[in-house]
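Per TrEMBL, domain 'Gcp-like' is recorded for B:30-318. The Fe cation binding site annotation in TrEMBL covers B:HIS118, B:HIS122, B:ASP312. Feature annotation from TrEMBL assigns substrate binding site to B:LEU141, B:VAL142, B:SER143, B:GLY144, B:GLY145, B:ASP175, B:GLY188, B:ASP192, B:ASN284.
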Amino acid sequence: MLVLALDTATPAVTAGVVTLDDEGPRLLAERVTVDAKAHGELLTPHLRDALAEAGAGMGDVDAIVCGVGPGPFTGLRAGMVTAAALADALEVPAYPVCSLDAIAADVPGEAPLLVVTDARRREVYWASYLAGNRVEGPRVQRPAELLAELGSVTRVAGGGVSLCEFPAAVEVVGTAQPSPVGLVRAAGSPVLEGAAPAPLTPLYLRRPDAVEPGARKRVSQA
Amino acid sequence: MTGKVVLGIESSCDETGVGLVRVDNSGAVELLADEVASSVELHARYGGVVPEVASRAHLEAMVPTMHRALRTADLRLADVDAIAVTCGPGLAGALLVGVSAAKAYAAALDVPLYGVNHLAGHVAADTLEHGPLPKPCLALLVSGGHSQLLRVDELASKITEIGSTIDDAAGEAYDKVARLLDLPYPGGPPIDKAAREGDPRAIAFPRGMTGPRDAKFDFSFSGLKTAVARWVEARERSGEAVPVADVAASFQEAVADVLTAKAVRAAEELGIGTLVISGGVAANSRLSALAAERCAAAGIQLRVPRPRLCTDNGAMIAAVGAHLLLAGSAPSSLELSANPALPVHTISV
Ligand SMILES: [Zn+2]
């Protein structure tokens with residue numbers, strides 16, 4: 001089956017066409033641009049171009065897999081609404097995937113893994129994995145707090161790694177952002193089975209910045 | 001079934017709008033559906049629109065609102081011939097949701113996409129109610145986000161700004177004065193209601209930008225808002241009760257007076273015979289009554305769409321798309337991006 005995979009939870013605008021069968025996902029074509037301001041502009045053209053390179057059209061798509069964050073950029077919503085609209089118009093299911101899970105899914109091996117991405121405002125999003133399964137997170141925290149809490153981390157992945165001062169022994173593995181294959185792999189068996197997808201709900205992890213107005217400010221001199 | 005179906009998507013502020021219109025070769029634009037999901041109640045406790053809250057609400061509402069519009073029109077997505085979307089001006093994060101959705105729908109359905117100007121949408125709203133606009137006409141757009149006087153030569157290609165607010169939008173002044181008077185947000189309807197019981201001549205509030213040296217067709221509502229605040233505070237200090245109805249009526253009179261005086265003067269000086277008033281504040285009872293009175297006296301035809309079409313909606317955006325189709329305008333590229341500061345003379349991108 002042909003799966004369209006997309007993610008806008010990191011500074012990357014990620015679009016890919018993946019073929020999926022019992023052997024697992026295999027990349028046919030991808031378009032990735034790292035520019036946190038370009039999600040709205042480039043995502044749909046990237047999807048179109050990746051499909052063209054794969055020798056396919058919109059009508060050939062069987063399923064969509066979409067990273068749902070956590071992501072600090074307003075662009076997260078560009079990816080999610082794109083996935084929702086494509087699924088609606090093409091009448092195919094759209095499967096949500098935690099973007100950190102997709103990064104983890106690209107890292108081979110069973111050893112413990114920490115995935116960290118940039119949450120901006122001097123914070124990181126993170127989740128930890130054991131034998132490919134998420135055991136904690138996703139959460140948002142200051143890097144120092146995360147390090148104090150985690151203690152023994154041996155392998156890290158994700159674009160937020162450079163924001164944390166990991167001990168020298170910690171091994172950096174995997175990619176900075178989710179890949180199309182990682183997204184499809186993380187979405188798991190429901191895609192191939194054609195199971196009903198979970199709702200496409202963004203992982204914001206933070207409440208909107210908004211303050212309720214206090215007492216009225218006076219304009220006249222007392 | 002003849003004609004082309006145009007889908008319109010609007011998400012520039014706190015309303016998620018999806019509209020459908022049918023346009024035929026004669027130029028007639030028929031309204032098929034106009035569905036809006038508003039997040040206004042989520043913003044009420046903050047006293048104004050919170051961009052992140054609005055953007056989150058747009059994402060949730062987009063596909064359900066689309067389905068409601070299609071159901072109302074008894075159409076399927078496959079019946080859509082073109083898509084128009086607001087690409088500015090407006091809140092960046094909010095615009096992004098509508099633009100991204102429109103691009104995905106256009107790519108999936110393989111139909112042309114038109115990124116259009118929200119302000120042109122407010123003008124086009126009137127064509128859904130009263131038919132084609134005479135050329136040229138003058139448009140006064142008043143809402144929480146805009147206060148502008150536009151010369152409209154050609155809806156699809158030539159709109160020129162004659163004047164605009166130099167500070168607050170008229171609707172913003174309503175919200176702030178409502179807060180002063182302990183009336184709810186948004187301030188337009190409660191002030192209008194309170195004003196009906198009050199005397200519009202009770203307090204002489206200033207008319208901004210009406211001096212001989214001021215720009216003839218620009219507006220200012222910041223000074224008025226401050227004058228109301230000073231007046232209310234003086235009353236409170238003296239221990240007297242604030243006459244809410246009189247303050248509301250006198251404030252509303254000042255707003256309506258300036259807006260209509262400038263619009264009518266512009267129409268006269270430019271020799272334009274038709275004035276369209278649109279935007280959320282167009283529904284204000286005193287503004288429409290005074291505009292009707294002054295336009296009649298000056299021999300100007302006044303057109304005001306029904307309140308539902310005056311506030312932000314997707315049908316008005318579909319109407320702009322219909323006019324672009326009729327004019328044979330080139331569609332936008334799929335690289336289209338939102339432009340929060342899109343100038344009014346850029347009708348399509
Ligand atoms: Zn508006």
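Residue 1 is the first one shown; counting continues down the chain.
Every residue gets a Cβ built from N, Cα and C, even glycine.
Mapped onto this structure are the features recorded in TrEMBL.
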residue: B:HIS118; record: Fe cation binding site; Cβ within 10 Å: 25
residue: B:HIS122; record: Fe cation binding site; Cβ within 10 Å: 32
residue: B:LEU141; record: substrate binding site; Cβ within 10 Å: 28
residue: B:SER143; record: substrate binding site; Cβ within 10 Å: 26
residue: B:GLY145; record: substrate binding site; Cβ within 10 Å: 22
residue: B:GLY188; record: substrate binding site; Cβ within 10 Å: 23
residue: B:ASN284; record: substrate binding site; Cβ within 10 Å: 28
residue: B:ASP312; record: Fe cation binding site; Cβ within 10 Å: 27
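Screening the binding-site residues B:LEU141, B:GLY188, B:ASN284, B:ASP312 for a C-beta under 6 A from any atom of ligand 1 leaves B:ASP312. B:SER143 (substrate binding site) and B:HIS118 (Fe cation binding site) are 12 Å apart (CA-CA, integer value). Neighbours of the Fe cation site: apart from B:HIS118, B:HIS122, B:ASP312, residues of the same chain with C-beta atoms within 8 angstroms of the site's C-beta centroid are B:GLU10, B:SER12, B:THR86, B:LEU119, B:GLY121, B:ALA125, B:LEU141, B:SER143, B:GLY145, B:HIS146, B:GLY279, B:ASN313, B:MET316, B:ILE317. Spacing of B:ASP312 (Fe cation binding site) relative to B:SER143 (substrate binding site) is 9 Å (Cα to Cα, whole number). Averaged across the domain 'Gcp-like' (B:30-318), the predicted model reaches a pLDDT of 96. Calculated from their C-alpha atoms, the gap between B:GLY188 (substrate binding site) and B:HIS122 (Fe cation binding site) amounts to 18 Å. B:SER143 (substrate binding site) falls outside any helix or strand according to DSSP and counts as coil. Taking the C-alpha positions, the distance from B:LEU141 (substrate binding site) to B:HIS122 (Fe cation binding site) comes to 7 Å.
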